[in-house]
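Encoded as structure tokens, the structure appears first; notes follow it.
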Amino acid sequence: MPPVVRFAPSPTGYIHIGNIRTALLNWCVTKRAGGRFILRYDDTDTARSRQEYADAIAVDLAWLGMVPDVQARQSERMALYDAAAARLREAGRLYPCYETEEELERRRTLQKARGLPPVYDRAALRLTAEQKAAMEAEGRRPHWRFLLNHRIVEWQDGVRGPAHVDTASLSDPVLIRADGGYLYTLPSVVDDIDLGVTHIIRGEDHVTNTAVQIEIFEALGGSVPAFAHHNLLTTVSGEGLSKRSGALSIGSLREAGFEPMAVASLAVLTGTAEAVRPIATLQDLAALVDLSRISRAPARFDPAEIETLNAKLLHETAYADVSQRLSALGVGGGEAFWLAVRSNLVRLADAKTWWDVVRGPVAKGEQDREFLHRAASLLPAEPWDENTWGAWTQAVKDATGAKGKALFMPLRQALTGLDHGPELKALLPLIGRERALARLGA
Ligand code: GLU
């Protein structure tokens, strides 16, 4: 059976490279096996969720080549959660609690003082019907906790191998807040069952949730999907990424002019057994993904690596794959120009700088005018090709005795206005004789 996976962001901010790691791992695992990819907006937190963020997530995924097969929004699926909550209540697995946050905090402090783990003591289970009625009469509204089975929940984690959590070490999780709103835990399981999710691939910050959610899957009679928890991306200093800061958001990387596959390669290969290198297509990247070879240590990366990967990727990119974008940038010169400059690019937009150098005007430097005049007089007749530069500079060398840097640098500076850049044997035919003569001051 082909896999069904889901990427389930909360639309409470712009997703960053760490979030996209999760999306990409899901995409790679499902697509190489002919499976489906669901984009599920976990937007039960109505106060913090925004349409603008949801739209941006779809744009970010599409930019990276991920178009979901199915989209779902938790805010539109409340009836399903209500039905599931009713079933859990009937089964005695969902119970009302009336403690305020301050009461709970006080209890936790006491527990800690006694050296006990700050686990909810299930006091609400001992409330009598009269006590509950009295609290309701006071205007208290209950929040609802899931009654854990207090057992060792085990699963075979796709990344971490055999995993287990003793749910006796956990507080019964709150599934429904006092205002009736659902926390993420229950809706996620209900949707995973309803949408036929077979594999849950997510960050390792969800390992504890997994034990709880496996108990909920079982309580609802759903089949438990396979789980895999990948390490989280952090910067070199070990700092985690935050949606709130907006740093390294996919939108900002796109706007900075990075190639989607540079971002995808870094997001997927960091913290795995594979060397971090630019991979040309998602399909090729998918072939490299092996969940069991993702490291358990944090996936540290240096944001500057994106530039390096981006540059390397462009240096290998074929003209056909960028020709439309080059035209949109106002860059001409066809394949010859692309091949001449691609190894000098960090970002695609840099091609425009070199195109401007070809077209001119270029900055004039303090060159030896006599030398340039001699060189100009030796310029061969057109047509020019990649041998022209070699033949010409040989002639200039023979005529003037200049060699090495003294020969090449004044010519480069006069022709391009710069002291560095693409190989002149490729650039010179694009500049052409007329412009070359003018720049040499002839
Ligand atoms: N909305 C959750 C998150 O963004 C989804 C976790 C999951 O994949 O189950 O962390």
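Every residue gets a Cβ built from N, Cα and C, even glycine.
Bear in mind that TrEMBL entries carry predicted annotations, made automatically and left uncurated.
Listed ranges 9-19, 97-107, 108-118; the one TrEMBL annotates as motif ''HIGH' region' is 9-19.
Counting Cβ atoms from all protein chains shown, Lys243 (ATP binding site) has 18 others lying within 10 Å of its own Cβ. Averaged across the motif ''KMSKS' region' (240-244), the predicted model reaches a pLDDT of 78.
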